[in-house]
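Let me begin by presenting the structure, written as structure tokens, before commenting on it.
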Amino acid sequence: MCSPVHFEKQVKRNSLTSPFPQSSPPSTPTPTPKSSNNIILAVPLNCMEPKPEYGGSDPMETLPEMSDPQNTAVLAYPVQANSQSVYQRTMYPITLKFEEVVYKVNLDRKESCWGSWTSREKTILNGITGIVSPGEILAMLGPSGSGKTTLLTALGGRLNGKLSGKITYNGQPFSGTIKRRTGFVAQDDVLYPHLTVTETLFFTALLRLPNSLTQDEKAQHVENVITELGLTRCRNSMIGGPLFRGISGGEKKRVSIGQEMLINPSLLLLDEPTSGLDSTTAQRILNTVKKLASGGRTVVTTIHQPSSRLYHMFDKVVLLSEGCPIYYGPASTALEYFSSINFSTSMTVNPADLLLDLANGIAPDSKQATEQGENAEREQKLVKETLISAYDKNISTRLKAELCDANNYNYARDGSKRHDMKSEQWCTSWWHQFKVLLQRGLRERRFEAFNRLRIFQVISVAILGGLLWWHTPTSHIEDRIALLFFFSVFWGFYPLYNAVFTFPQERRMLIKERSSGMYHLSSYFLARTVGDLPLELALPTAFVFIIYWMGGLKPEPETFIFSLLVVLYAVLVSQSLGLAIGAILMDIKQATTLASVTTLVFLIAGGYYVQQIPPFIVWLKYLSYSYYCYKLLLGVQYNEDDYYECSKGVMCRVGDFPAVKSMGLNHLWVDVAIMGLMLVGYRLVAYLALHRVRLR
Ligand SMILES: Nc1ncnc2c1ncn2[C@@H]1O[C@H](COP(=O)(O)OP(=O)(O)OP(=O)(O)O)[C@@H](O)[C@H]1O
Ligand SMILES: [Mg+2]
């Protein structure tokens, strides 16, 4: 990835009416602005920023060239300062081509009772071809399970596994640049439940719009999107989640669309944007999509049961049946095509209904739709086979020729722009991403952070422990040592269980946002872990304050402060291990199981329960950070040459007490260093494991 770029900005502020700055006309050969109400902004070439309308007929020709060979040059172009800015014409039109796309998955099956596994391959997509040009909307139709989402995911560069065929964007393969110019609205909405609609969109704007726009300008874009998508009524409502009600499903969908509209994408991929919406809202959403497309964007959408009104808004249609294409072409000629191969209907029907019937293997005017049984199934299979072979005969060859022409045309033209497609830069700086992610994390977890149950848990354990160890006399050395061991166990393991959930819970969000190149993984990782620190450190501090004094441990201030620091240090190490386990497994159930096994092993090997560990397994205790924490707490509290009253009138040396003797209180700095290594090492493992999270 490239380092953050610096933007040069030439803005004249208009402080009177518009929140957008205004300026004189551009001096570089930029597209002609249609409105005089424009500003010139210099932005990195591949940052997605709302673009102005351009006057030229061919967007590729009007694209300004970079002046700097290092790809850190700036590009001046006007940003329109009106409320219609979400529809500004894109400066980077993308022609999307997909040829013979085949996708297979392995299905593992247990064969016998002895548990032998065999692998069977399932073809999800079977040779799908098409081309979508800027300004066009391609709709993917097909019954549930026909492969629409899979194809859309492949087109968005987010499908891993056995994908073959060729998918190109202006003749180039998928790249980071394309990633940042692509808006992808997934079928399931992945949103933070505790943020409001405005907050959700605003944080997205802060992360995805370039730094060359001020915060006010980003806020203005959010306002435009909220108005355009009719979200004004619920703008201050929380998104909601499984445990509490928030905005409606349709509103969530619109928020997801809004998140992608904000960045003015050149390629917009929408997975069922209208499912679950009433027909008026669905129409409204598609109107918005249509307007976006007419700004030079390439739009691909999957859709279930569009009304005929919606159907006629599409330019092209791909009809899928069990992963095989049975129609590709203009939406307006689909009925004509099917009647040419003897699948015509005498009734006036919604074309989408007829297409879906055919994709299900139900011929028009047949009674199969209501019939069930072997006969009907056989007939449906026959219809599907007929349609697939008709596609191969009538459409496939023509399509290949069309694509071949387009290939020649595009490669020739894209040659000069190739360097642009290769460049990959971040729209915002690392520090900016860190700040926004930290702020967003704190807002999202504002209820969780001061979760009363957690505070109650910790304080009640501290008070109960304090009462049990109430003012333990110095002669009761076993009890005092047990109290120190309790410190190391409680704060060695409690944070681990909290941290284990961190990354598995955020998995879907992380995948979604990283797939669109929103931020560096390191900025996310640090923001997420730093955000948790205040509470993670506040609770043990309160705990130690209560139990230390109630338990009557050494009253010297430095001993108390060192004991507190050792506990906080152990908290950080334990949190690191929890993060690593969570990030490696990315599954809450598996992660908690592994965490409980690990804690149990570390607990036993911690040096308190077994004082004479057999030599062949003694290494285990050196892996346990609770061993180091316990040893440090002992070392802070006692000196080997201290004395205590072991029986009436008899003083014994602390260093000779078996529990202390077996630990030894020397070389405490080595223990501090080893814990430091664990702290850094576990976090590094967590970070590397997150890198491996598959972007799907
Ligand atoms: N990784 C996978 N492993 C096994 N099966 C898969 C996998 N991915 C997809 N499938 C299967 O592929 C088929 C197509 O899935 P896909 O989600 O693309 O369907 P769809 O057309 O989007 O359906 P819907 O309209 O219900 O959303 C389904 O039968 C699904 O079960
Ligand atoms: Mg789907």
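For all residues, glycine too, the Cβ spot is worked out from N, Cα and C.
Taken from TrEMBL, the feature region 'Disordered' covers 11-36.
Residues or ranges marked as compositional bias 'Pro residues' by TrEMBL: 22-32.
TrEMBL lists 96-347 with the feature domain 'ABC transporter'.
If one looks beyond the transmembrane segment (453-470) by at least 6 residues along the same chain, the residues whose Cβ comes under 8 Å of a Cβ in the stretch are 479-480, 482-483, 486, 490, 494, 535, 539-540, 542-543, 546-547, 549-552. Feature annotation from TrEMBL assigns transmembrane segment to 453-470 (among others).
Annotation source TrEMBL lists transmembrane segment at 482-504 (among others).
According to TrEMBL, the feature transmembrane segment maps to 525-548 (among others).
Annotation source TrEMBL lists transmembrane segment at 560-585 (among others).
Summarising the annotation, TrEMBL assigns transmembrane segment to 592-610 (among others). Distant neighbours of the transmembrane segment (592-610): 481-482, 485, 488-489, 492-493, 496-497, 500, 577-578, 581, 585, 620-621, 623-627, 630-631, 659, 662-663; these residues of the same chain sit at least 6 beyond its ends, with a Cβ under 8 Å from one of its Cβ atoms.
If you look at the transmembrane segment (668-690), the same-chain residues 6 or more away from its ends with a CB under 8 A from one of its CBs are 503, 510, 521-522, 525, 529, 569-570, 572-573, 576-577, 579-580, 582-584, 586, 622, 625, 628-629, 631-632, 635. Summarising the annotation, TrEMBL assigns transmembrane segment to 668-690 (among others).
Sequence-distant neighbours of the transmembrane segment (560-585) (same chain, 6+ residues past either end, Cβ-Cβ under 8 Å): 487-488, 491-504, 529, 532, 536-537, 540-541, 543-545, 548, 553-554, 591, 594-595, 598, 625-626, 628-629, 632-633, 636-637, 672, 675, 678-683, 685-687, 689-690, 693.
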